[in-house]
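What follows is one structure encoded as structure tokens, with my remarks underneath.
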Amino acid sequence: MKLRIIWLGKTRDPWIKQGVTEYSGRIERYLPLAIDELKDEKDATLEEGRRREGERLLKQLSPNAVLVALDERGQQLDSVKFAEFIGKHRDSGTTELVFAIGGSYGFSDEVRSRAGKVLALSAMTFTHQMVRPFLLEQIYRACTILNNEPYHH
């Protein structure tokens, strides 16, 4: 199974870039990983920005891709349940599992409809920039859980 992360907007902060690089490298020891940064909308109304970003995101998906949208209103899973979710897709023949992190406008209704699952990393709200290394760390943690390695206590 291939993992893919799609996010809107460039990663700006050096510490976020460092976290993305660190955890991407760790994940690639377990699963192939691709990260795509899509252009975000800067000068649009809320609805127009969501629509444009949503169209751009959906064009990136293959028909068989399983889309997981990260949203503060999504379902929360603990790390073990998140690992089980990834393992279920890995073991059931999912060819591509795509995690999408929206921009500051959030997701359009079309993206939400296409998503097989909507997840929240926390009940707290984080910037879409900060979610990037947090998601990658949780994916890495899931890989170690699935391989019975001691990273997760």
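The backbone N, Cα and C atoms fix where each Cβ goes, and this holds for glycine too.
The structure displayed is predicted, hence computed values, not measured ones.
Leu70 is the only one of Leu70, Leu136, Leu146 that Swiss-Prot places in the S-adenosyl-L-methionine site (with Gly102, Leu121, Ser122, Ala123, Met124, Thr125, Phe126). Look at the binding-site residues Leu70, Ala123 and count other Cβ atoms within 10 Å of each Cβ; Ala123 has the fewest.
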